[in-house]
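Chemist: Per TrEMBL, the features are:
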- ASP36: active site, proton acceptor (ACT_SITE)
- ASP176: active site, proton donor (ACT_SITE)
- SER9, HIS67, GLY143, PHE144, GLY145, GLY146, ASP176, GLY177, GLY178: substrate binding site (BINDING)
- HIS34, ASP36, HIS67, ASP176: divalent metal cation binding site (BINDING)
Amino acid sequence: MKTPLIAPSILASDFANLQREIEMLNRSEADWIHVDVMDGVFVPNISFGFPVVEAVKRYAQKPLDVHLMITQPERYIETFQKAGADRITVHYEACTHLHRTIQQIKDAGCQAGVALNPHTPVFLLEDILEELDLVLIMSVNPGFGGQKFIQRTYEKINRLSELRYTLNPQLLIEVDGGVNAGNARKLVEHGADVLVAGNFVFSAESPEVVIADLKKDAAL
Ligand code: DX5
Ligand code: ZN
């Protein structure tokens, strides 16, 4: 049986009640807490920075999965680690020296991931896949929650699954954007291991129930 890991994205949570939201995630079946950092340059939106990550860490009993949608992320890796990141994912499109940045994340003691925008083909990761703990496939254009899932994502997961089979069988495939009860199972069938969900979880009347159902219904 393959049960996906669920990583609710707090971008869709109630920031005015962040402690309550984190405590809800602690009680829930969520595996990781997905933390979306946006700088207004790499993506056309600004979310939050270090003080908020630190505040989340103070209450979180689950690993922080930090998704950096920022340019030159290499400037801030150590600061995010100190703020409480357990996993740090940088964008392929934002890194000139990706190999060095991945090394930096590992040297800081974190798990290292690379995110791909919808237009970036997975074969571009061929020469670095062995170094990675996870690849995050964006199934919407990064910057906002609540967008429509891009169907092409399934094909990208297929191709990444083939690549990891020979290069890095331990690699986790994470899918982020527009994930809901209608596509979760199919994503896992294609090879996804981690499902990020923002609006689908936090707009529900009972997010805890939605998280538990998503996990159960997407299990193969
Ligand atoms: C988008 C972020 C996502 C977002 C997902 O740029 O990376 O993590 O919060 O939100 P939903 O699940 O609402 O698409
Ligand atoms: Zn994200």
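Every residue, even glycine, has its Cβ placed from backbone N, Cα and C.
All annotation found in TrEMBL is predicted automatically rather than curated by experts.
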Chemist: Identify all same-chain residues not among SER9, HIS67, GLY143, PHE144, GLY145, GLY146, ASP176, GLY177, GLY178 whose C-beta atom falls within 8 angstroms of the centroid of the substrate site's C-beta atoms; report them in sequence order.
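Modeler: Output for this site, in sequence order: LEU11, ASP36, VAL140, PRO142, GLN147, VAL196, GLY198, ASN199.
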Chemist: In Å, rounded, how far does the Cα of HIS67 (divalent metal cation binding site) sit from the Cα of GLY145 (substrate binding site)?
Modeler: 13
Chemist: Considering only the recorded positions HIS34, ASP36, ASP176, which residue has the minimal Cα-Cα separation from GLY143 (substrate binding site)?
Modeler: ASP36
Chemist: To the nearest whole angstrom, what is the C-alpha distance linking HIS34 (divalent metal cation binding site) and SER9 (substrate binding site)?
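Modeler: It is 4 Å, counting Cα to Cα.
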Chemist: For a Cβ distance below 6 Å to any atom of ligand 2, name the recorded positions from ASP36, GLY143, GLY145, ASP176, GLY178 that qualify, or say none.
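Modeler: Correct list: ASP36, ASP176.
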Chemist: Just counting, how many other CB atoms are there within 10 A of the CB of SER9 (substrate binding site)?
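Modeler: Its Cβ shell of radius 10 Å holds 23 other Cβ atoms.
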Chemist: Take the C-alpha atoms of GLY178 (substrate binding site) and ASP36 (active site, proton acceptor) and report the distance between them in angstrom, rounded.
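Modeler: Spelling it out, the Cα of GLY178 (substrate binding site) and the Cα of ASP36 (active site, proton acceptor) are 14 Å apart.
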Chemist: With an 8 Å cut-off on Cβ distance to the HIS34, ASP36, HIS67, ASP176 Cβ center, who else from the chain surrounds the divalent metal cation site?
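Modeler: Near the divalent metal cation site, the remaining chain residues are ALA7, SER9, LEU11, VAL35, ASP65, VAL66, THR89, LEU136, VAL196, GLY198.
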